[in-house]
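Contents: one structure, followed by commentary.
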Amino acid sequence: EQQRYLNAKKYVKLVLVADYIMYLKYGRSLTTLRTRMYDIVNIINLIFQRMNIHVALVGLEIWSNRDKIIVQSSADVTLDLFAKWRETDLLKRKSHDNAQLLTGINFNGPTAGLAYLSGICKPMYSAGIVQDHNKVHHLVAIAMAHEMGHNLGMDHDKDTCTCGARSCVMAGTLSCEPSYLFSDCSRRGHRAFLIKDMPQCILEKPLRTDVVSPPVCGNYFVEVGEECDCGSPATCRDTCCDAATCKLRQGAQCAEGLCCDQCRFKGAGTECRAAKDECDMADLCTGRSAECTDRFQRNGQPCQNNNGYCYNGTCPIMRDQCIALFGPNAAVSQDACFQFNLQGNHYGYCRKEQNTKIACEPQDVKCGRLYCFPSSPATKNPCNIHYSPNDEDKGMVLPGTKCADGKACSNGRCVDVT
């Protein structure tokens, strides 16, 4: 499974935000600024393609009236404010994997940008900020690719790191001879991060209707108006696709997809994806499409020897969640521990409404904070929780988890399984 994950194409669904100073800097022209932002993302996509990562612009926001955070010269303060705004505002409006702020402000010192290491897919940490430090857009694009590299688990290159050029993307300082290449160290760091964290959001391919940048034939994304996109005519190896037009060649039904074989749809009933577990189903081709639609067992079907119920293709049970948080010997705490969820304090609650924490009703206590017993010799406390103010949702009982016979958690309530 690990190898399958590593080999899979990755997609970063990006929202790019420009602050008010950027709007003023480009003459209050939304068209001029948008064009610059599109050009930057096209370069970033080109840079990451060598890593089997495609960057799709799914949102573009220009703060043309006023800034939505206080953008200041202290890069770490601005990053913290931008990341909090992304989590509490942007994510609620627009589904995406990563957000970058392009600012016209001068950061203190030699800093051209800042981002959280290994933050991708995390609500609070999948963010970066970049100064529009050069008129040449591809130099700004390299700086933004550098910050996204941090989000994807890459650290700064050391002197021993090589990429075959004078300077690599993850060099610690800006170079007058930058390249689009990642070093051997960056590749190792990224791979180690993928193995450790296995971020799931970057496996989801964006729909062509999600991409907001103008279609570019040759960027490996099938966008509105295109039937296929296999890269430039020089690099395309796809016999089904005409790289010059991004249209299917004569007689071809498809160019890619699990139900596409040698430019033709696979026959109806052909298995295209095996069932992963008891809550999944084997997926079959329809004979009319190249897509392999992911199907799973109905929600509420008993699983794991009746210890749980299927929920969106998974079988969430509390013990597995405790193991994920506290290690292989962890167990679910006794029922008395869950009474702390009646308090409605900063960690013991069932749900949040307008950022206010709502205490659990007595029948819902198993749908709030998860209480675990780590089972290590040093542990005396029978009621352990995972709580981080930066990611308050982590450590809550997952939706769909069995909370009583015939009942599962939904929005912090223990409701009948239907």
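Glycine residues also receive a Cβ, built from the backbone N, Cα and C atoms like all the rest.
Model, not experiment: these values are computed from the prediction.
Each residue in the domain 'Peptidase M12B' (10-206) has a pLDDT score, and their mean in this model is 95. The feature domain 'Peptidase M12B' is assigned by Swiss-Prot to 10-206.
Reduced to three states, the DSSP call for His146 (Zn(2+) binding site) is helix. The feature Zn(2+) binding site is assigned by Swiss-Prot to His146, His150, His156.
Taken from Swiss-Prot, the feature active site applies to Glu147. Cβ environment of Glu147 (active site): Gln100, Gly113, Leu114, Ala115, Gly128, Ile129, Val130 lie under 8 Å away, each six or more residues apart in the same chain.
Marked as disulfide bond by Swiss-Prot: Cys163-Cys168 (among others). Within the same chain, the residues at least 6 positions away from Cys168 (disulfide bond) whose Cβ sits under 8 Å from its Cβ are Asp157, Cys161, Thr162, Ser179, Leu181, Phe182, Ser183, Ser186, listed in sequence order. In the three-state DSSP classification, Cys168 (disulfide bond) falls within coil.
What Swiss-Prot records for 214-299 is domain 'Disintegrin'.
Per Swiss-Prot, the feature Ca(2+) 1 binding site maps to Val216, Asn219, Phe221, Glu223, Glu226, Asp229; the stated evidence is similarity to another entry. Around Asn219 (Ca(2+) 1 binding site), a 10 Å sphere centred on its CB holds 23 further CB atoms from the protein chains shown. Asn219 (Ca(2+) 1 binding site) falls within neither a helix nor a strand when secondary structure is assigned with DSSP, and so counts as coil.
Cys228 (disulfide bond) is surrounded by 23 other CB atoms, counting those within 10 A of its CB over all protein chains shown. Summarising the annotation, Swiss-Prot assigns disulfide bond to Cys228-Cys241 (among others).
The secondary structure of Cys230 (disulfide bond), as reduced to three states from DSSP, is coil rather than helix or strand. Long-range neighbours of Cys230 (disulfide bond) (same chain, six or more residues apart, CB within less than 8 Å of its CB): Tyr220, Cys236, Arg237, Asp238, Cys241, Ala243, Ala255. According to Swiss-Prot, the feature disulfide bond maps to Cys230-Cys236 (among others), an assignment based on similarity to another entry.
Its own atom aside, the Cβ of Cys240 (disulfide bond) has 20 Cβ atoms within 10 angstroms in the protein chains shown. Summarising the annotation, Swiss-Prot assigns disulfide bond to Cys240-Cys263 (among others) and lists similarity to another entry as the type of evidence.
Residues or ranges marked as disulfide bond in Swiss-Prot (evidence: similarity to another entry): Cys254-Cys260 (among others). Around Cys260 (disulfide bond), a 10 Å sphere centred on its CB holds 21 further CB atoms from the protein chains shown.
Marked as disulfide bond by Swiss-Prot on the basis of similarity to another entry: Cys259-Cys285 (among others). In the three-state DSSP assignment, the secondary structure recorded for Cys285 (disulfide bond) is coil. Taking a C-beta cut-off of under 8 Å and a sequence gap of six or more, Cys285 (disulfide bond) has these contacts in its own chain: Leu258, Cys259, Phe265, Lys266, Gly267, Ala268, Gly269, Thr270, Glu271, Cys272, Cys292.
A strand conformation is recorded for Cys272 (disulfide bond) in the three-state DSSP classification. The disulfide bond annotation in Swiss-Prot covers Cys272-Cys292 (among others).
If you draw a 10 Å sphere around the CB of Cys310 (disulfide bond), it holds 24 other CB atoms from the protein chains shown. Under the three-state DSSP scheme, Cys310 (disulfide bond) falls in the coil class. Marked as disulfide bond by Swiss-Prot: Cys279-Cys310 (among others).
Positions annotated as Ca(2+) 2 binding site by Swiss-Prot, on the basis of similarity to another entry: Asp280, Met281, Asp283, Asp294, Arg295. Spatially close to Met281 (Ca(2+) 2 binding site) yet at least six residues away along the chain are Ala275, Arg295, Phe296, Gln297, judged by Cβ distances under 8 angstroms.
Close to Cys303 (disulfide bond) in the fold, though at least 6 residues off in sequence, lie Glu278, Cys279, Gln297, Tyr309, Cys310, Cys315, each with a CB less than 8 Å from its CB. As annotated by Swiss-Prot, disulfide bond applies to Cys303-Cys315 (among others), with the evidence given as similarity to another entry.
For Cys322 (disulfide bond), the count of additional Cβ atoms within 10 Å of its Cβ stands at 23 [all protein chains shown]. What Swiss-Prot records for Cys322-Cys372 (among others) is disulfide bond, and it gives similarity to another entry as the kind of evidence.
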What residues, ordered by sequence, lie under 8 A Cβ-to-Cβ from Asp283 (Ca(2+) 2 binding site) and sit at least six positions away in the same chain? Leu258, Glu271, Cys272, Arg273, Cys292, Thr293, Asp294, Arg295
Which residue, of the binding-site residues His146, His156, Arg295, has its CB surrounded by the fewest other CB atoms within 10 A? Arg295
Cys228 (disulfide bond) and His146 (Zn(2+) binding site), compared by Cα position, are separated in whole Å by 29
Nearest of the recorded positions to His150 (Zn(2+) binding site) by CA-CA distance, picking from Val216, Cys240, Cys254, Cys322, Cys337? Val216
For His146 (Zn(2+) binding site), the closest of the binding-site residues by C-alpha position, picking from Phe221, Glu223, Glu226, is Phe221
